[in-house]
């Protein structure tokens, strides 16, 4: 008996998807609920599990193929493995990209079968074997950091070897030895490119700047951070302060929490904040909903959960849908200042940056304070200068006096 492997139902906003990775090759034994193939949309990666024990007998759609909801991907034979005739396994004589990838991971399959999809993909992409890397996770499981350390170690060794080789052969290296590599863009990267270009072409985007003294928040975190973490089991970060300040500013300036729909302006009376998160696949913006009703501990917990889902490739379409305003924190990468791009149909985005000690004038004295630049990009079709500057000044004042955030004044 053959069990069909079908593309799962795609959201209404997603027209099609791409076959990203086959984790099994023809003839491999599969177990019920084991992930056998991943489907990539322009937002998330969907895992397709086996519906029954059996053998992968047919692959209809190879990696890189475009598919739609309920389209046939392959078939699983539920007969005994020994009874499956090789004649029923439909494969071409010429190795496909899927065959080559499966061959690369076959030797390490038994060691990484219980790893997350993201870990398995990283192992395959960098030609690594799980049994050659010391895992630091629970039960010896590999983490992303383990793989990154291994990649960095190998790269360092490669650089050292290349330097030694170059020293001996530099005089004989020809100019023609330079090379290029062309790879197709992922669906997510193509979607990001489309959205960024759309934002630049369809909005009257402008950016206004300010700076904030972060000393009060840093003092508060130093004083209460340990107690906060002990009581709530989550670290007190900066983002909860940023979100609380943004929500209060949005209440005072509803134009920033609005969007343009044709000739109408839609004012939102709820506060769903998108948070820019860097993932192995690219930058995504999962949404924290009803932020005005969340405590700082709840905000920190939700941010942590969304960040972990992003790193593990577990974000759902629902996690990424909606949002009335976006916060992006380039400071985690060391950015001192930037002009963030609006995330349509939203009308504004707030950029936070690196906190740096700088000399400033305070009460007639030059003092050293931890300062951070703020950048608000906004759609000038809807938001005027008075509202944009007032919005940013409100955030500055709230962050410089965090007690007002807690008292909601």
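Quick reminder: no glycine exception, Cβ is built from N, Cα and C everywhere.
Here's what Swiss-Prot has on this protein:
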DOMAIN    2-77  domain 'Lipoyl-binding'
MOD_RES   43  N6-lipoyllysine
REGION    83-114  region 'Disordered'
COMPBIAS  83-107  compositional bias 'Polar residues'
DOMAIN    114-151  domain 'Peripheral subunit-binding (PSBD)'
ACT_SITE  380  active site
ACT_SITE  384  active site
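Across the recorded positions listed here (43, 380), the residue whose Cβ sits among the most other Cβ atoms within 10 Å is 43. Here residue 384 (active site) comes close to 255: these same-chain residues lie at least six apart in sequence, with C-beta atoms under 8 angstroms from its C-beta. Sorting the domain 'Lipoyl-binding' (2-77) by DSSP state (H, G, I as helix; E, B as strand; all else coil) yields 0 helix, 38 strand, 38 coil. According to DSSP, residue 384 (active site) is assigned to coil rather than to any helix or strand. Residue 380 (active site) sits 28 Å from residue 43 (N6-lipoyllysine), taking the Cα positions as reference.
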